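Listed in TrEMBL for this protein:
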SIGNAL    1-23  signal peptide
ACT_SITE  H411  active site
REGION    453-473  region 'Disordered'
COMPBIAS  456-467  compositional bias 'Basic and acidic residues'
REGION    496-521  region 'Disordered'
COMPBIAS  512-521  compositional bias 'Low complexity'
DOMAIN    527-607  domain 'Carbohydrate binding'
Amino acid sequence: MVNSKRALATLVLLLVIIDASLAFDYGQAVDKSLLFFEAQRSGKLPYNQRVKWRGDSGLHDGFQQKVNLVGGYYDAGDHVKFGLPMAYSVTMLSWGAIEYGLSMKDLNQMGHVLTAIKWGTDYFLKAHTQPNVLWGQVGDGDSDHYCWERPEDMTTPRTAYKIDTEHPGSDLAGETAAALAAAAIAFRPYNSSYSDLLLVHSKQLFWFADRFRGLFTDSIPSAKEFYTSSGYYDELLWAATWLYRATKDESYLKYVVDNAASMGGTGWAVKEFSWDNKYAGVQILLTKVLIDGDGGAYAATLKQYQAKADYFACACNQKNDGYNAPMTPGGLLYLHEWNNMQYAASAAFLLAVYSDYLSAAKLVLKCPDATVQPQELLGFAKSQADYILGKNPNSMSYIVGYGQKYPTHVHHRGASIASVSVLHSAVGCVQGFDAWYRRPQADPNIVYGGLVGGPDKNDNYDDDRSNYEQTEPTMSGTAPLIGLFAKLHRINSHYGAGPSQPKGHSISTSHPKPTAKPYTKPAGTPVVFLHSITDSWTVGRIAYYRHKVIVKNQSGKPITDLKLVIENLSGSLWGLSPTQNKNIYELPEWIKVINPGSEFNFVYVQGGPQAKISVHSYH
């Protein structure tokens, strides 16, 4: 009986995920995201370049130092080639291809994914000029940021920086080793000789990173302001873990076990997974080794890694006895003020992968607050993807070019200035600021697939080109989404494809707004509802409104277990959780109590009149 109930609960969770997934075209999201990598290319562009507003750039990178560093990627909206986030992005692209290659093949995107990976790995092979030498950066962030110009017009210094035995960078070399090892796995079925070459360089870089230890920002100080590394132990464990997966050489597994405590692998319990902090990724990869039955004599230590993997998953899923990852009221993981969405994207991908690992082993996640089924973990990952694609309080996509409403004033030099194919004359360093950076119009080029920094801790977003914390897209943000979207597409294609995004609809924010009517409390209820309309737009002939409802406790006593009745709701809602009863909603899990005089808010979007809201029950 218990097993049948558990099976039924799992089926219900899966059906909820499937039903909700039909709202978005994840296949289109994969396609758009891959275009971002073409927009970020440096070097001589290929004949089949799909982003036509870009041209060749950085064709003399490294020549001053007598090394060929042409190629690679620009990391964000500027033109510096930073090695650490570039390598992390390639690792995440490769991991997505490893886990969700079948879905990528179904979408006919595997070729584009491998091309994106290879554009990075080819560059790393050039940059790894000797076993103990890695060129880790081209360009200088300070001088680059003094100018606003297209990459094709660059006039800023293209100084190249390296790490070596006297100027080590274990974090940079370790992450690059991990990227090459992960890429070797991705390429193995398609080009085994290239895969072998990647592994040769990966092994050399790992040995270099481990033998000559140090932070790369101590050796390349100009990177510190932009990508400050918090340490290199996680990258050493990360690289060894990927090398073990790529080679099955037990010496790498022994390395992560022998160094588990001293390098923090079994000591650090984290809530973040990112270009800087790889611990959660290490812990989940090693948990797979354990649950696949390959731990052998190392099982005891791998169980300690698993405990920390569970901590990360429980913290993200808001079931960690109060020690949870922070979230916005609208349901987005919120870890950093600057470019937060890349952290939510990486976490969501990692949770989807962990859900698959647990599901394959028929295991559940045991959190302090509840037992979590793998499909529930996937559901949380999907909620982050859906928030990014438009299911959020602003009802906008944070992937540039996806959906009907998305950022149009992106902090991106190439996107914000007319293409070289349109404006043939060079745009100078200062001229770019005067003529293009400060112009109020939308970007002339759509940088498809760029995941911008996203909203603040209260879900507010200001689409302003100068607001780089929120409007700058990054490779490290988009890279994990390609695998995540491919996974979610697989669910759709397995159970029935969802509708494609409609095209050609005009969007207007100047539609006249109906008068907002505040909800007043019926006699005896403990809260008051303040109802307002904060935005409106039209799609075709239908007017849609963004309704914000503030719920304030005026009872003089703390309120718990508040449930609301919401009638006449025809659109999407954020900030409340549905119950099993029709039209009944409850507070999200991270709001335990509403103290006297305090308030919270939720948002819904729909056409026509506002919904009717009342109190169902409370304590």
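Just so you know, glycine gets a Cβ as well, placed from its N, Cα and C.
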Confidence summary for the domain 'Carbohydrate binding' (527-607), mean pLDDT rounded: 80
Within the compositional bias 'Basic and acidic residues' (456-467), residues counted as helix, strand or coil by DSSP: 0 helix, 0 strand, 12 coil
Number of Cβ atoms other than its own within 10 Å, given for the residue listed as 'active site': 25
Number of helical, extended and coil residues in the domain 'Carbohydrate binding' (527-607), per DSSP: 0 helix, 49 strand, 32 coil
